[in-house]
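Participant: Have a look at the structure that comes next, please.
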């Protein structure tokens, strides 16, 4: 049977996804499909409990990467990537607390996130004359990794080029014959409400004007650096450079430069 590609709005998708998963054995979400039972959906949606005391992205942890910190914005902080930046000005937007997925936060937290994202869009436009690509991946909820939002300034032409590339990549990234493989067009409301909580996903947002999301049904087909690899390829950047750890001296120089530019966008002290 030929597979039919589907593209839904976020509101349609949230309802259809839950409906489909209640009817099906979602074996592609686990590494052990033979053990999936009839209550697999409720098991999948159960939040993981793992120690997070060594997470280097939690603001209150001793292992927090203080050298990369640019600014703290309420419940969020802005940091430098620890490996090669894709473009000049590339930063991370990270929740202060250990949050696994943006789809798990409440409405107030999400509104605060959008406010910080709007600042970053303005920051990139005024400081670099660039558009903004936000990208995040939650490959496997059970891994309990601290979610990181990549924030990458690109020119307008490259912004549109990346949008097309992401659309193609997500159309073919998951299992070939999965019934639930869909692209979710989020427009300006973002990921919140577009994908149900506690589902793995990948999400690209283009200057808060339009977005593309995809629910990950088989995490083995997605690497943790999937979003970076997709964008690096489109930008013509060697993956070896992207994966190379940035030296402490380089981090200090980049941090100083971005901090000076960010001051006018910071919250009042």
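Using the three backbone atoms N, Cα and C, a Cβ is placed for every residue, glycine included.
Under the heading region 'Disordered', TrEMBL lists 24-44. Per TrEMBL, the feature domain 'Cwf19-like C-terminal' maps to 44-160. Marked as domain 'Cwf19-like protein C-terminal' by TrEMBL: 176-246.
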Participant: Can you check how the pLDDT averages out over the domain 'Cwf19-like protein C-terminal' (176-246)?
Facilitator: 87
Participant: According to DSSP, how is the domain 'Cwf19-like protein C-terminal' (176-246) divided among helix, strand and coil residues?
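Facilitator: Secondary-structure composition of the domain 'Cwf19-like protein C-terminal' (176-246): 18 helix, 19 strand, 34 coil.
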